Amino acid sequence: MSDVLFIEGGRVIDPAGGVDGVRTVVIRDGKVAEVAERVERPRDARVLDARNRWVTPGFVDLHVHLREPGQEYKETVATGARAAVAGGFTAVCAMPNTKPVNDCAAVTELVLARAAAAGLARVYPVGAISKGSGGEELAEYGELKASGCVALSDDGRPVMSSALMRRALEYARAFGLPLTVHEEDLHLVGKGVMHEGAAATRLGLKGIPSQAEDVMVLRDIALVELTGGRLHVAHVSTAGAVRAIREAKRRGLPVTGEVTPHHLALTDDDVAASGYSTDFKMNPPLRSADDVRACREGLADGTLDAIATDHAPHSAVEKDVEFDAAANGIVGLETAFSVCLGLVREGALTERRLVEALTAGPARVFGLPAGTLARGAAADVAVLDAAAEWTLDPARLQSKGRNTPWKGRRLAGRCTHTIVGGRIVHEEGKADR
């Protein structure tokens, strides 16, 4: 039998190549060999019937927490990669807030080795901005880049020192690395646990004002202007942050941004409606309806470059506690497409823009070899059933985490097949390879 794979009959949506229509995708030797309306194929060729499906570049997630090393009870590189391909993601960027923190080559190399052993999604490590993510001394950026890191972050913690952030932008620029930053002023956050507003008041919970994010975004944009370093704002959640990024781009500054599905779909009123469910607790918190509207508009008009999940698995021990004491974060790799397809159905996004924000957009931000079905590109492909509807059963998730606000909800759209390097690594209804 031929080792060539023909994906036939599907609607190919490849924003990077300007393609949107029924095409055949030909994969040979792990690469995209051809995308065309008519293709002659051998009788013994392998065929994937994609009729009534979307065929897109594999999704790229700039922001996941794989927890390994040190917190394997929450997630491992292997289980996180399995969750990724189940959701259509063929490449994920692993945040450095592991134990120990990924601030050196040894941790980076361990993550890469675990990813290679899993043989599922491609994993791109993100190194720490500061040693131990302590915010006091810069990590060794040259060592981190040489060992395989594609960006730098102290995610989970802001860089509170403006002087250190300035030096980080300067140092990272010398190595061609972007900083992907968690923006919050801890002095304004205080002991807040959800968005500051009427919902927090009704629940009797301490609030976090939107300005805690806004002031840090504005500070770091000013430092970009000073240094010329590249800034990527992680999990944007406020209207003020969207405005600041839009203005920075208008001025030609190297500033990009991402937004999560939950910050596009849920508000602080959902926290109240949940009855203190800790599946609705994350950082940044779910914001107001006005903030959600601004984030949707920012994604639609390109102010925000990418959809990123901030996939953050936790154990029941860390979530099944009082709201104030619960860990922040939810799992998102297996629900991202479905949640965001809901935005398309609401008219907030076009189908093309949704695919672009999951593929070419994030690939451009970190300069990754992904997000395209161009001839010669790695054959990383997602096949999607946009008409499917399903009910989320946490017990059926591939991730170790069960912390999701969409438990028991009806969702639209499923990934039926995921291909990495020409290999089918996920097929709906079958165990992943």
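Heads up, the Cβ atoms here are built off N, Cα and C, so glycines get one too.
Source: prediction; values computed, not measured.
Of the listed candidates (D305, D310, D320), Swiss-Prot assigns D310 to the same Zn(2+) 1 site as H63, H65, D155. According to DSSP, D155 (Zn(2+) 1 binding site) is assigned to coil rather than to any helix or strand.
The recorded positions D155, D310 differ in how many other CB atoms lie within 10 Å of their CB, and the one with the most is D310.
The Cβ neighbour count for H182 (Zn(2+) 2 binding site), using a 10 Å radius over every protein chain in view, is 24.
The binding-site residues close to N283 (substrate binding site), defined as a CA atom within 10 A of its CA, are H182 out of H63, H65, H182. Ranked by Cα separation from L66 (substrate binding site), the recorded positions D155, H182, H235, D310 are led by D310.
If you take the Cα of H182 (Zn(2+) 2 binding site) and the Cα of H314 (substrate binding site), they are about 19 angstrom apart, rounded to a whole number.
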